[in-house]
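This report concerns only the one structure given below.
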Amino acid sequence: MSSKYLMAWSTGQNLSTPGPFILLGFPGPRSMRIGLFLLFLVMYLLTVAGNLAIISLVGAHRCLQTPMYFFLCNLSFLEIWFTTACVPKTLATFAPPGGVISLAGCATQMYFVFSLGCTEYFLLAVMAYDRYLAICLPLRYGGIMTPGLATRLALGSWLCGFSAITVPAALIARLSFCGSRVINHFFCDISPWIVLSCTDTQVVELVSFGIAFCVILGSCGITLVSYAYIITTIIKIPSAQGRHRAFSTCSSHLTVVLIWYGSTIFLHVRTSVESSLDLTKAVTVLNTIVTPVLNPFIYTLRNKDVKEALRRTMKGK
């Protein structure tokens, strides 16, 4: 990051005039920035490699070609593009000329990051519903969760995710930016971006909060209800082995859900857009960089079928 951009941000200097925006990234000592660059780079490469490995495993083993793993492949595919929409530009903020990004580039990045984020909410809800059917209605599962329904649910998640952010994106595109062009973030997040606007952003804030509230509440509601039934059903299983077997089929998904919702609820449920931007930036690292790299390991280490498929692949069978 060029020192003039850091000085402009810290002093409130106006770098406006028509031109690109500057992503502040993570200002600090050179050693810290080098460490973060290497950490984010390694995590990004692990995310891509891990999620590609899951997609390859499911495609190569017939025993994994079920609705559960079909949804997992969708989630893995999403995670690859979610991190790709964010991390490469984040890495660019660590080297000169820093995080320079055009208005169109910023709007495009914001749209894809948030669209993919919304899609992940819907996919996690669909996966919770799938686990509900498998555990609570095992005899009817095959008849209800057909390949056709699984495809429609996955397609619907993608369509809803990319549709949800359309209105906020259109409203943001109409804003005028006549103040500082330095965005206090490592990607074009809505909150730190719109505070730079010299026009009224109340409508954008309300619409963004409303959509985030509906997406989070809707998907969270489906997930909570599904797991309420799942837990009730598991408790009623008489044998400990049966309970363990039933819980093992959804424990990976539940772990991912807790990590994802824990971070994103904090990011969206805030009283002011202008408050706690530094804290927001730190927490955003959790769900844009850390969570995607954890998912492949969670599903690999906690899932018996995936571990067996991986073991067979390593042996060349």
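Here the Cβ of each residue, glycine as well, is placed from N, Cα and C on the backbone.
TrEMBL: automatically predicted annotations, no manual curation.
Pulled from TrEMBL:
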- 34-57: transmembrane segment (TRANSMEM)
- 50-299: domain 'G-protein coupled receptors family 1 profile' (DOMAIN)
- 69-91: transmembrane segment (TRANSMEM)
- 111-132: transmembrane segment (TRANSMEM)
- 153-177: transmembrane segment (TRANSMEM)
- 206-230: transmembrane segment (TRANSMEM)
- 251-270: transmembrane segment (TRANSMEM)
- 282-301: transmembrane segment (TRANSMEM)
Task: Mean per-residue pLDDT computed across the domain 'G-protein coupled receptors family 1 profile' (50-299) - done: 86
Task: Contact set, same chain, for the transmembrane segment (34-57): CB under 8 Å, 6 or more residues outside the stretch - done: 26, 64, 72-73, 76-77, 79-80, 83-84, 87-88, 90-91, 94-95, 289-290, 292-293, 295-297, 299-300, 306, 309-310, 313
Task: Remote residues contacting the transmembrane segment (282-301) - C-beta distance under 8 A, at least 6 residues beyond either end - done: 40, 43-44, 46-47, 50-51, 53-54, 72, 75-76, 79-80, 82-83, 86-87, 90, 113, 117, 185-187, 189, 252, 255-256, 259-260, 263-264, 266-267, 307, 310
TODO: Quick one: find which recorded stretch in 111-132, 153-177, 206-230 has the most Cβ pairs under 8 Å with the transmembrane segment (69-91).
DONE: 111-132
Open item on the list: So if I exclude everything within five residues of the ends of the transmembrane segment (111-132), which remaining residues of that chain have a CB under 8 angstroms from its CBs? That is, six or more out.
Closed with: 67-68, 71-72, 74-75, 78-79, 81-82, 85-86, 145, 150, 153-154, 156-158, 160-162, 164-165, 168-169, 187-190, 215-216, 218-220, 222-223, 226-227, 229-230, 249-250, 253, 256-257, 260, 264, 287-288
